[in-house]
Amino acid sequence: MDEHNVHHFWGISPALDLGSLLPTGDGAADLPVDQPLRFLQVAPYDARHTLTTIARASRHPALASSQQPVSLVVWEDCPEGLARHVLLAAVLLDGGVPAKQRAELLLELHGNAVLRQRAAEYLDEKARQLEALFVGLAAGQPPPTGPEAECRGLAALAQMLDLSLLKFQEKDLIVEALQRWRIPAAAPTTAAAAAAVPPYDMVGAWDGRCRKVYGERYDFRRNMVDWDYHMRLQPAGTPGCDPAAGSIIHFHHFRHWRLHGVAHELRDSAYNAANRSLLSTAYGRTKEFKDRSGKDVGRSVSAWGFWGDVLNSPYHCFGTACEERGFYTITNKQFVRTAVDVAEHNIMALLHELRTGQRLALGEGQEAHRAKVARGPTTIEDLTSSSAAAAAGAAPAEAAEAAGEAGEAAGAADSGAGGGEAAAGASGSTGAAAAVKEDGVREDWTAGATTAGAGAGQAVAEGQEAPGAPDPAAAAAAAAPTSTSTPAAPAAASTSSAAPTYSSGGRAQVAKAMAAAAAAAAGAAAAGASSSGGRGDAAAAAAPATATPAASSSSGAAGEAAAVAAGSGSGEPASTAPVDEAARQKMAAEEAAVRAAEAALDAAGRARAVRFRLVLVTGDLTKAVTGRAKYAGAFCGLSLGHRHTHLLEPQHRLAAAAAPGARLVAENARHVLQLSSEQAALFSTKMDELAAAGGWRPLPAGQWPDGVTAAAAVYFKPAAAGAAVAQ
């Protein structure tokens, strides 16, 4: 296998519900009563097993009825792996971010080498929060409290984390890794600050890893990607499907990840910020000289950078196995859905089940989820279409500007010029907002602004569905008295065009109704004020230009501003005030109800999560866990990563730490692209030999737990051999 892989940040098997490893029926009586249920994850490489187990705990009566917290012991060979494990769990519990954006962030941080700028800023924020949390727990300080800590999941995470098996040096290394996730300052004030958090070129690092791995075939790496996919990945098939159908991982997605490091391009945005959570420190010795035996005895050195896997994609973790069979529809001998679709659905299903306690299932007649079409590599056709779209988007803005100039001219000719200027200002601002929405992507959201009685406040992109996302601007507008005076109209229009807004089905309908009412009121005002000359004509010309973007926008603030501006220009501002006030109150009540419902769901999800204890371990596994008398026969289920199958050997005492009848799920080399099918079969044979020597027996395929695919092997510890192995 690839000897240059130093650290691994994702597995090559689907996420496993560790609760499914528990015995059921008559065997459930063998579960321990006087001690908590414990599961041991040996080198899982990511948090997929932890997230799945926590989210699906309500499916297993043993976990739901356990009187003591369930312990999930996680061992990784590097502190950076433990830090990423906690990061992904923190993202799942973060109620300050809407569920849809939370799922996208989790997928990006899990498998993308480069991120959106917003995702990089979120990583920086989470790194600072987790650093403070780790330092406080290590110092014995009380867990964080308050609405902010509760909403962002920090209070729940503090209850879940258990650092008792970590040494002080290992805790310091985890904190150091979190500090390096911060975004470096643009201009460090001192040389020491610049050296502490240096800028990192992830694109160059990915290219350097590819050059090292491909070697002299680097110039033909596209051909090697094609070979690995069609000769190694595709013949391995898809779990639960006919191998002749190939893999649900699409070739274009796989090739794009191999060449650029982007596995989940979920939005039409620029992915140019380094995913600093994939950076780690490798230790070794220089090759300055050798001793008599030919071993390198140079200086001990360390190198901090990207040492991840550039050959085996992260799609196997969440993107290949799915409980919803609608994702495996085959048309014309190929899958209709892709691994990106499956991954998005699986993460959303985990969030739904964590928050509600019920499975997410498609209703009758509903189609399986399909991911948004991402931009992908730029081509000549893309540039041509984008320029045409820009020209089309500029036309409404030019028309609005012309209408504004006409309004200003008409207003200057009349003694009441202030009304024309107000109408023109409102029209120009809303037209510019519509041009921004049509021309580009605006996905601004800010997490962490806590609102009373709702949990959190954040801003979401215009046009993005974000149920449950509170709007501080709308809440403030609903709480404060509304003024319909003429000077306030331009300020309201400029605020609505600059501030990010939220979208929900009910609010969109309210916005359309407000826009229609504003257009009708403006038309009536223009007809009634025709005797005043040019001022009425200018207001009538400005009103349609303002109402059209407001009807297509997800926010009702622009329509309200247009109505106020049109009313002020016609001299009848009080005619639309009752309609706007009623719509505004209805909209505020809708958002308050949605915010309260979302906050209640997130609180319920955190209440389910705190029933687990996440015990972090690194260093020597035998000294820390498996060789201690405290953990002899304590674990009801175990998982093992494919790069650490040597830990099945007897001296590592995995079987001694397992309870009689416990099951072990070990990854095999089925999806290791460095190996041929014959080599992968030899790998599985060798793994069976190591398991037999360590005291494990293979479990028949008919008795495998749900969710385990051919990418892993299942063993169990026989009760009769328990005493012999423990000696």
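Note: Cβ is positioned from N, Cα and C throughout, glycine not excepted.
Where the annotation comes from TrEMBL, it is an automatic prediction and has not been curated.
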Quick one: sort out which of 96-146, 198-248, 453-503 is the region 'Disordered' according to TrEMBL.
453-503
Range annotated as region 'Disordered' in TrEMBL, from 399-427, 602-630, 631-659:
399-427
Which range is region 'Disordered' per TrEMBL? Of 44-63, 564-583, 684-703, it is 564-583
Please give the average pLDDT for the domain 'Dynein assembly factor 3 C-terminal' (161-385) in this predicted model.
86
